[in-house]
Amino acid sequence: MPNDTNGDDYKKLEKASVNLNFLKSNSHTHIGPLSAIAELVDNAYDADARDLHIDFLDINNEQFLELRDDGLGMAREEALHAITFGHSAKCSYKIGRYGNGLKSGAFHLGRELLLVTKKDGIITALLISHRFHEDQGLTNSVFVPCPSFDLDGIPICQTESEKDRFNLEMKIIGKYAPLGSRTLAELADKITGSTGTIIIIGNLRRSVTGELAINTTKDPTDIIVDSGEENKPWRESLRKYLEFIYLKPRMRIHVRGEQVLPKRISENWIAKKQQLISGDQFTAAYNKILDEKNETVKKCEEEKALVMSEIGGTNYTSVRREDRANQKSLRLRVDTSQKNLDSAIADRDAFKKEGKSEKSFHLNMGIETKDRSNNGIHFYINNRLILWGNKEAKFFSKFANSIGISMFLSLDYSLFSAAQNKQGFDHVKDFQVLVRKCNDALRDYSMYLEKSWIPTHLKNTWNVRIYEGDDVWAVLWGVYGYNNTTSTTCVQTHDSARDQVMWTTCGIWKLCQMCRTWIKASRPNEIVGSNDDFFCCENVNHHGCRTIVAEDNDFSKLPEKYDHILPQKRLTNSAPSSSDSQNSIRSASSCSSSSRLLNVAKIESHERIHSSTGGHRLGESFSTTSVKMEPIPNNAHDSHIAEVQRRHSTGRAISPAVSEISRRAGTAPSSQLDMIMGEESDESQEALTIRAPRQRAKRPIERVSRRNRRDQSDDDSDSENEERYATAPKKSKVKGKAVVRAPKMTREKWLEEMLNQFLTAHGEQPLPKNGQRDFDPTNIVEQTSRRNFKNNQRIVDAQQAIMRQIGSVLDHLKRNPTHNFKIPASGTVEEKLKNIEHQIKGKKK
């Protein structure tokens, strides 16, 4: 800029209350670019904007961020208040409270800020430029050009000094503002409505390598930052972050030309419960806000007194015309200051009255079923996200099955105040107390789920029952498509039947683009034209917005008392309970971490030729869907032909696979496990049976001498007693009758024994003692199945040989009507056929 402007001329400009160094340090309150952009988004939200457009522009090799909204806009006085650090005239229900977001957010992203706003037919521009201050050597103060003009471009000026200031401001903006190749008038034309605001940030922040701090090339419809947390997309993607930033998204947000589709935080939650918490003990935020409001009233009083002192007792008839114009301007300032004072007093009094009322809030809890690793506690203050997925509560570190369990809180600013960057809480002690209350509620909630809700839900919704020893969490996650209970990387399997149940349980939530209300449908076909960009209430009820009741709160109260649903007992009593079988098998066999279940593989259909007496025609196929687990010895194929046929024809066969739900949950049903482990054979082998000792009532012990005992018995018993006493070891005292009990066996020992029988039956070596072994049960069963198939094939070969023999006889009889064959009167059919075949071959020779 040519040095044709004196330093004194800059005194005509508006001046901020801080210096340039504070402006730089204040920008570091944000943890990253997404946090800074969110601050600017909050300003549009608080201005009741319906639409916000966030764009990245590259004009003449200059990069800019542009945010354009159709909110209330600002007059010149309101725009100047924006550069007063720490000032905020927003109501208590608004998101922004510190009056600092515009400056801190903008200068975290870049070094040049241009604001253009429109209200009441007046356009106002405001520029804060680092480059301008550095070029002019202005480091002690922040000078802010802030010209105003009407829709025709005519400046709003009352005096000659105001005109001079306007010209100077336009000159500085023309040189230092981040306009690119555009003019200020062209930029103002982009505000098409009667009100609105445009924020342009230039000279964007770069890394030490010269690259932009934001990535705009990875996704043309998004703004990406490198946070180093790939498993948390809301830390890297502006679009993902904005999907959850507001509980009630009243404003449409467009990022680089494409609308952000908000997500309802609990749309995929089940078991939605809430607990009411009193806020009486949280007073730090209230006291701080009250002090701020008292300070605002005091400043307004001082401002009014200052203006009144400038007016004094001047007589309008004794001054010049220009002085009278200045006096008129002062009178307007008095009116404005009085309005500000009245507004501040009314706001403070309303806040006091509201503070006397009882404060409470809800802890909303549920189980996330679609993205269960994206759980934790989500804190919102005044409808705005503060912390997402917080896991400071001990519940998440001490409770193994905490994955998927989530909670969100919608807090009021009068109880809790956010930090300046809205990435945490302002009062640490209050936050710690709040976390402890959340921890207690989550502990009660998980107990309720495990003891009551999950068993009832599985029975009523999925027709799945819980048996003694079953891991209810494993069964629950199994039916919802997760084969691992605690892994955060486990991916949910897709199932259309499960989707149908989810639609009924959770509903399908859509945000109306007209009234911005969440609408719930239970089936996809209830929604006509399901394009989210244009969805409105009319797509559901065909009558217009708000004609149906939206279920904004579908959480019920967490019961303090509830019925404990006891697990059912298993039908089998021949062995210890096989619940927790998966974990027990792992410990007994020291298997690898693959955690494969002992499932019987499903055997594919094979071709089988039955004899005429078997009820099947020659060449007819049959399907084998199950197979006995014990292999048929290779050296006894012929002796087992009838047995194999009997086993295939009867229903006494092992189920081809463990129940799908139990397989996903990580446990096998007791009946299936018993069949796999115990029912090795119907006739050839005896299953190992260990019966629990019968409980007997204790009897008083009689001390009977050996002689008397012999006298009380007959001769036969005497001989038996003599033989028994002759062989039994001598004891000093006999206190009671010895009871022969079955040897006790722990669950691990029993499972190991069953597993060894399983391996031995399939021709495998048993588990080594005090050793480890890795094996694949599915592969073992498949090998046995292949051997059984070979045995079946031998049957088929024998039948085919018989058919060939019969064919030879029939062919010969057809060619020779008369024959002199000697057909044996006795013998099997096979022997008779062989005899006739030998006779035929002898005649041929």
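Any Cβ shown, glycine's included, is placed from N, Cα and C.
Per Swiss-Prot, these features apply:
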BINDING   Asn43  Mg(2+) binding site
BINDING   Asn43, Ser88, Ala89, Lys90, Arg97, Tyr98, Gly99, Asn100, Gly101, Leu102, Lys103, Lys422  ATP binding site
COILED    284-311  coiled coil
COMPBIAS  574-590  compositional bias 'Low complexity'
COMPBIAS  637-646  compositional bias 'Basic and acidic residues'
REGION    566-590  region 'Disordered'
REGION    628-739  region 'Disordered'
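Location within the structure of each feature annotated in Swiss-Prot.
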{"residue": "Asn43", "record": "Mg(2+) binding site", "Cβ within 10 Å": "24"}
{"residue": "Gly101", "record": "ATP binding site", "Cβ within 10 Å": "26"}
{"residue": "Lys103", "record": "ATP binding site", "Cβ within 10 Å": "23"}
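Secondary structure from DSSP puts Lys103 (ATP binding site) in a helix.
In the predicted model, residues of the coiled coil (284-311) average a pLDDT of 83. A gap of 8 Å separates the Cα atoms of Asn43 (Mg(2+) binding site) and Gly101 (ATP binding site).
For the recorded site, the residue listed as 'Mg(2+) binding site', the DSSP three-state label reads helix.
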